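Enquirer: Below you will find the structure I want to go over with you.
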Amino acid sequence: MERLSSLQTWNSTAADPKQRVRKHMGDVSINEWSFLKAFIMQQQSICHSYQFWTAWEFGIGEDRPRENVVCNADGQAMVGGAGVESGAGRQRFHCCVRVTAVQVRKAIWGVAMVMCVCSSWAGSTQLAKLTFKQYDAPFTLTWFTTTWNCLFFPLYYIGYLCKSPERQTPKQRFRECCRFFGDDGLTAKVFFTKVAPFGLLWIMTNYLYLQALRKINSTDVSALFCCNKAFVFLLSWIVLRDRFMGVRIVAAILAIAGIVMLTYADGFHSHSVIGITHVVASASASALYKVLFKLVLGSAKFGEAALFLTIVGGANFVFMSFVPVILYFTHVEYFTSLVDLPWAYLCGVAGLLLAFNILVNFGIAITYPTLISLGIVLSVPVNAVVDLYTCDIHFNTVRLIAVFIICLGFLMLLLPEDWDQCLIELSTKLRKREQPVEPAETGTSSGLNWTRRARTSMSTFSH
């Protein structure tokens with residue numbers, strides 16, 4: 001009774017349980033120590049105090065999180081027992097299932113995204129090629145397809161109403177997205193300095209791409225346009241001071257080598273050289289657009305990007321409509337009547353390009369950006385198969401090697417910046433798995449085994 005009374009007094013007066021353990025440890029024997037621990041485990045009000053007890057006993061730091069100790073309904077701490085192990089196991093299992101489900105969902109969406117990006121890009125290229133057989137007007141087609149960008153913000157607002165819990169009117173949402181251009185919103189100065197140049201680059205990129213389709217086959221055009229990834233890296237390295245990566249320099253060299261080899265594949269004829277020049281200029285304009293956008297405007301959210309592209313489409317309709325009219329009256333891009341125009345092809349190209357831009361700009365919300373880029377490079381073999389059956393194209397060895405090294409360079413540019421570190425970590429993990437696992441040491445007493453099991457359980461639960 002005296003021992004029990006002293007223990008109760010000691011438990012109620014000490015402020016720090018860890019300090020009182022160390023203070024009284026020299027005054028008790030082994031049997032008294034066991035009695036002391038059993039007594040504390042029976043107290044309902046000292047669950048938090050027992051956390052410091054076990055932390056000191058197992059050599060764990062003072063800053064261990066409270067989640068390492070699990071108390072049952074009676075307030076007893078279950079450290080190293082089946083409760084912690086089963087609870088931690090269930091939590092780890094649910095976490096693994098949740099993470100795996102998210103990854104599988106993203107992968108499934110990624111496969112669908114790759115197919116949609118590939119089909120929309122290859123389909124728009126092939127339809128544009130067919131359109132020129134009936135109506136040879138690359139600039140009018142560029143103006144027509146760019147005008148469809150006006151649908152970006154309305155489509156975004158529909159998706160916003162479906163997904164967002166808050167409901168803003170189109171005007172409110174428009175004003176909020178206009179903050180992307182600055183505190184004053186979209187002013188005349190902002191329009192002519194930050195929007196109009198990108199609109200011109202957009203028109204130039206599409207116009208040069210369509211001009212190239214008039215000179216060379218779709219396979220070469222789609223393969224050469226993949227070089228814009230290498231041009232983006234080079235411009236980012238020079239203008240944005242991005243990190244230098246040797247593998248991307250090699251990819252850029254491969255892209256340039258592929259351009260030269262494709263030019264050589266047709267024997268340096270005038271029409272092929274002009275076509276290759278057009279598509280390389282188109283890829284360069286696309287790269288300049290992306291780098292300058294990041295330099296001038298920075299990163300944009302989904303609503304801000306949709307508003308920007310809508311403004312580009314509206315500005316194209318307002319300020320560039322006179323160019324097709326001039327080309328019509330000068331018989332450069334002439335048509336007899338509106339009825340004779342291939343409206344199905346025109347709308348098909350515009351719709352596929354709109355779908356392609358929507359997938360490229362907003363697809364990262366549901367899948368990985370690398371998979372979206374992969375859909376672009378996969379359009380090259382799709383166009384090759386279509387060209388093989390629809391037009392007279394000769395796939396000689398030089399052309400095949402050129403297309404292959406351009407696509408290889410594109411894929412190398414998709415590698416992350418820390419790809420070398422990832423390979424080192426992966427090889428280290430594989431090397432550790434190949435090594436035989438050493439058997440765990442067994443203690444001479446049951447108390448030692450209980451201590452080691454408890455330490456492992458707490459360590460695993462904390463992670």
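Numbers run from 1 along the shown chain.
Cβ coordinates are placed from backbone N, Cα and C, and glycine is handled just like the others.
Pasting the feature list from TrEMBL:
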- 107-123: transmembrane segment (TRANSMEM)
- 109-263: domain 'EamA' (DOMAIN)
- 143-162: transmembrane segment (TRANSMEM)
- 191-209: transmembrane segment (TRANSMEM)
- 221-240: transmembrane segment (TRANSMEM)
- 247-265: transmembrane segment (TRANSMEM)
- 271-293: transmembrane segment (TRANSMEM)
- 305-329: transmembrane segment (TRANSMEM)
- 341-359: transmembrane segment (TRANSMEM)
- 366-386: transmembrane segment (TRANSMEM)
- 398-415: transmembrane segment (TRANSMEM)
Enquirer: For the transmembrane segment (107-123), which stretch among 247-265, 366-386, 398-415 has the most Cβ pairs under 8 A?
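Expert: Answer is 366-386, with the largest number of Cβ pairs below 8 Å.
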Enquirer: Given the cut-off of 8 Å on Cβ pairs that are 6 or more apart in sequence, determine whether the transmembrane segment (191-209) and the transmembrane segment (305-329) share at least 3 such pairs.
Expert: yes
Enquirer: Where does the mean pLDDT land for the domain 'EamA' (109-263)?
Expert: 89
Enquirer: With a Cβ cut-off under 8 Å, give me the same-chain residues at least six positions beyond the ends of the transmembrane segment (398-415) that come close to it.
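Expert: For the transmembrane segment (398-415), the far contacts come to 219-220, 223-224, 226-227, 229-230, 233, 247-248, 250-255, 257-259, 261-262, 264-265, 370, 373-374, 376-377, 380, 384.
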Enquirer: To the transmembrane segment (143-162), which of 247-265, 305-329, 366-386 is linked by the most Cβ pairs under 8 Å?
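Expert: Answer is 305-329, with the largest number of Cβ pairs below 8 Å.
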